[in-house]
Amino acid sequence: MDLIICVVGLLALIVEGIRCQGVYAPPTVRIIHSGHACNVEEERHTERVYTIREGETLELTCLVTGHPRPQIRWTKTAGSVSDRFQDSSVFNETLHIAKILRTQGGRYYCKAENGLGSPAIKSIRVDVYYLDDPVVTVHQSIGEAKEQFYYERTVFLRCVANSNPPVRYSWHRGREILTQGSDKGVEIYEPFFTQGETKILKLKNLRPQDYANYSCIASVRNVCGIPDRSVIFRLTNKTASPSIKLLVEDPIVVNPGQTVSLVCITTGGEPPPLLTWVSTNDSLPQRSVVKGGTLTLPAITSDEAGVYSCVASNNVGNPAKKSTTIVVRALKKGRFWITPDPYHNDDNIQIGREVKISCQVEATPPEELTFSWLKNGRALRSSERMVITQTDPDISPGTTNLDIIDLKFTDFGTYTCVAALKGGGIPEISIDVNISSTTVPPSLTVPRGKSPLVAREGDTVELECLVSGKPKPIILWSRSDKEVPMPDGNMQMESYDGVLRIVNVSREMTGSYRCQTSQYNGFNVKPREAVVELIVQYPPTVEPVYMEKRQGLGRPVVMTCKVLRAHPSRVLRFEWLLSNRLLHAGAFDAQRDETEYTIRSLNRDGWGEYTCNVINEAGAGKCTFQVTGKAYPPEFYYDTYNPLWQNRPRVYGFKLQWTQMNPGAVDRIVAYRLGIRQMGLQRWWEQEIPVDGQINKGELMTHNLTELIKPESYEVRLTPITRFGEGDSTIRIVTYSAPINPHLREFHCSFEEEPICMFTQDKNDDFDWTRHSAATRDTKYTPNTGPSGDRSGSKQGFYMYIETSRPRKEGDQARLVSPFFNVAPKNPYGITNPPAYCFGFFYHMYGKHIGTLNAFLKQKGQSASEAPVWSLSGNQGNHWKQAKVSVHPTSSFQVGPTRLHQSSARPRCPDWPPSSALSVLVSIGCRILMHRFTSPDIKQKGVHRRCWARREQYHSWLAIRRPNVCEE
């Protein structure tokens, strides 16, 4: 009996080098797009450019491979993008920006990392296209030559539109298209310093026919479907720039709460100007009302004071602008100070010497401020001994002085400074100052026992300075040991009673605090100062605060608690507890900053929460260790190619694969609990998957989920089980996706699974191909049939085969047909030649009566080609050989081997395709031979790589990718 075997295992478009690291692999990244792109330039040497119209939806998906599953983060122009779009998108595979704005264009990066190797980063530049309505502005110049009685009027029409890509302009007069040279009285040009930004239409020495409707049309040549935009300007002999008039005074002085109306009218301009109001406060007050040229500010406040401008624009000449200032009356912050005789070095007031009382307020407007003085409630007028000044250039604005010359006992009393505004309507401010024999300069002291002040973190503390003297001044608090802000964020804090109150004091507030007198509400003398020390105690800061220790039974466990900082630094003691049961206690060694507890052999009673309390005078710091035998969570494997298959119309199956994180950290995993539920339902279906033997790190495990209902999605939960019990669970979503025609950019497939890579048996042939392996061969009935192993020599690897012995007869055919492959998309640079694809496979043809193995190409909408693209006949020896053939489809296509019994045609194998072709490789078995073929002009050799891996992972698989770069 003779046997012929055809294997179609690996079709590969190589994009990047494949690293052979087993199941665990560093991340790889590829960005694809699924939004409303106008154009995507895939083949640019420097970058990929994604063009989108403003207002459309940008959707970029970061396809990652690698195990464990890489974490993804999107960034824009090497910075975070979380402030530019939804935070939920930043860490998702799909970046979604609805109604994209022009400011959101730029380079977007997808970064994937899983702790293995370097992070994988890919980028794509997003170019947002837009076109705003054009704007026409008109300017004119008038020239005169009086002696020659020459008069010229020239008009310039300037058209500007914001756009991306650059806009093209065209001018029309009525229905007439204006071009340079079409009319001697018209000149069209672009200013040199703004080339590409505008186009100016110059009407020289204005003529009657120049009075017409002018249209400026802005176009971006319909890119992204953006239509042309236009604007019409009517030029007449009355066309003029705007002029306006404000029907209000300048400035306008009002009291708070009044309603202010500003009226602006146009006095000229054609076309009629548009009036707008602007303010120096960036925007108009929220409660303001604009109606035509009238701006109304109801119940005005001091914050709404400022300059308000009326602007008129009709795009002819320069806009007209008129402004007025609104002043809102106000009086605030009344203060005083006493200055002893400046001609004597003495801080006290003395009989027979001069004393000055100063009074200050903040007034708006300052020119309306008036002061009056009272003594003991009676009006006081300026005299030779009582000199009142308000216009002294040496004093600050809003200040009045009362100089008492040659102080007498009769001058003692209460002096009152009264501040008011001339217009009225604002409450007066009165400040009382007492001058008597008890009026003395201040002094500052710190109460006994109040420095240093010791407090615990979180307490409320009061720093106190005693103020003596009359009158008592305002006390200013600040840090004296370093230039840092006070608790309220300011560099200084005021206190009227000398007490600084700090709520929830923290360790960072430890230090020296200065209290000093200010000149306000006191003597204008050299400030008095005092210093208060604050010491904040806090419990020890320890590490780790929490740590999980996973360990198997019978193994040692070591727990270490380390002290990082504490105040006081002298630590009194430590104690180790298990669930509030004291295990060990003692005092710290002065030379060590850590304590350790060891379990020599962990037993079941040793599982639980261990606590180490490190205690000082301020409290305790706590290290917590959770000692457990829980297994780590499994790691789902997301890179299984074509894990979904369909054997029946209403159900589908899914190949679930995973590895175990740190399998040797705890006791041996004896089983997995698999839970599955349909999305949207509450009920879980569970079963146990037994595990035989020890799981190795990186070992790929497989379980097939069957009887899943189309098109429902399922939530799958996997939990490892040890002697301890259940470990940590991992959850993933299994989503149904209908079969699609694969694209030759990337296609992986394998005969290891029943679906056989979406290949199908031709219903019009005479018999079928069979999935087989050397291990499943029935040696009783076919002892000499088929190879002894797959292409790598493994007896476990699968392949497709046919029997050529009885009952087969000459002319019988068996056809195995691939799914449809979509041809490569149109090259953006316009290459019209169809791309070349290389179809390759391994075959085993051994026996006396071997017929012919043909490979045909069938394009969509066409019948199969009359002649095979590859053919081979006869006995080729008892070993595997590789075949490869170039094909040049122009539409979606299928490939497949056909076996003809007793045929003899044998054409030559075509050369491998050039660099523009797709590389197709075929492989069976554990060992994979990968080739990369590069362009001759790059002058690099093909790279041969071999990788050894577990049979379960690399048995006969199929992959298709497209080469973009040549690299080793």
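Yeah, the Cβs are placed from backbone N, Cα and C, and that goes for glycine too.
TrEMBL does not curate its annotations; it predicts them automatically.
Among the features that TrEMBL reports, domain 'Ig-like' is placed at 27-127 (among others).
Marked as domain 'Ig-like' by TrEMBL: 134-219 (among others). Mean model confidence for the domain 'Ig-like' (134-219) is a pLDDT of 83.
If you look up TrEMBL, you'll see 242-327 (among others) marked as domain 'Ig-like'.
Sequence annotations record features per position, and here TrEMBL assigns domain 'Ig-like' to 340-436 (among others).
If you look up TrEMBL, you'll see 442-533 (among others) marked as domain 'Ig-like'. Residue counts for the domain 'Ig-like' (442-533) under DSSP, split into helix (H, G, I), strand (E, B) and coil, are 3 helix, 43 strand, 46 coil.
Sequence annotations record features per position, and here TrEMBL assigns domain 'Ig-like' to 540-628 (among others).
Residues or ranges marked as domain 'MAM' in TrEMBL: 747-895.
Per TrEMBL, region 'Disordered' is recorded for 777-796.
TrEMBL lists 1-20 with the feature signal peptide.
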The domain 'Ig-like' (242-327): DSSP-derived helix, strand, coil residue counts = 3 helix, 49 strand, 34 coil
Range from 27-127, 242-327, 540-628 with most C-beta pairs under 8 A to the domain 'Ig-like' (340-436) = 242-327
Return the stretch with the most CB pairs under 8 A relative to the domain 'Ig-like' (134-219), choosing among 27-127, 242-327, 442-533, 540-628.
-> 242-327
Three-state composition of the domain 'Ig-like' (134-219), taking helix and strand from DSSP = 9 helix, 50 strand, 27 coil
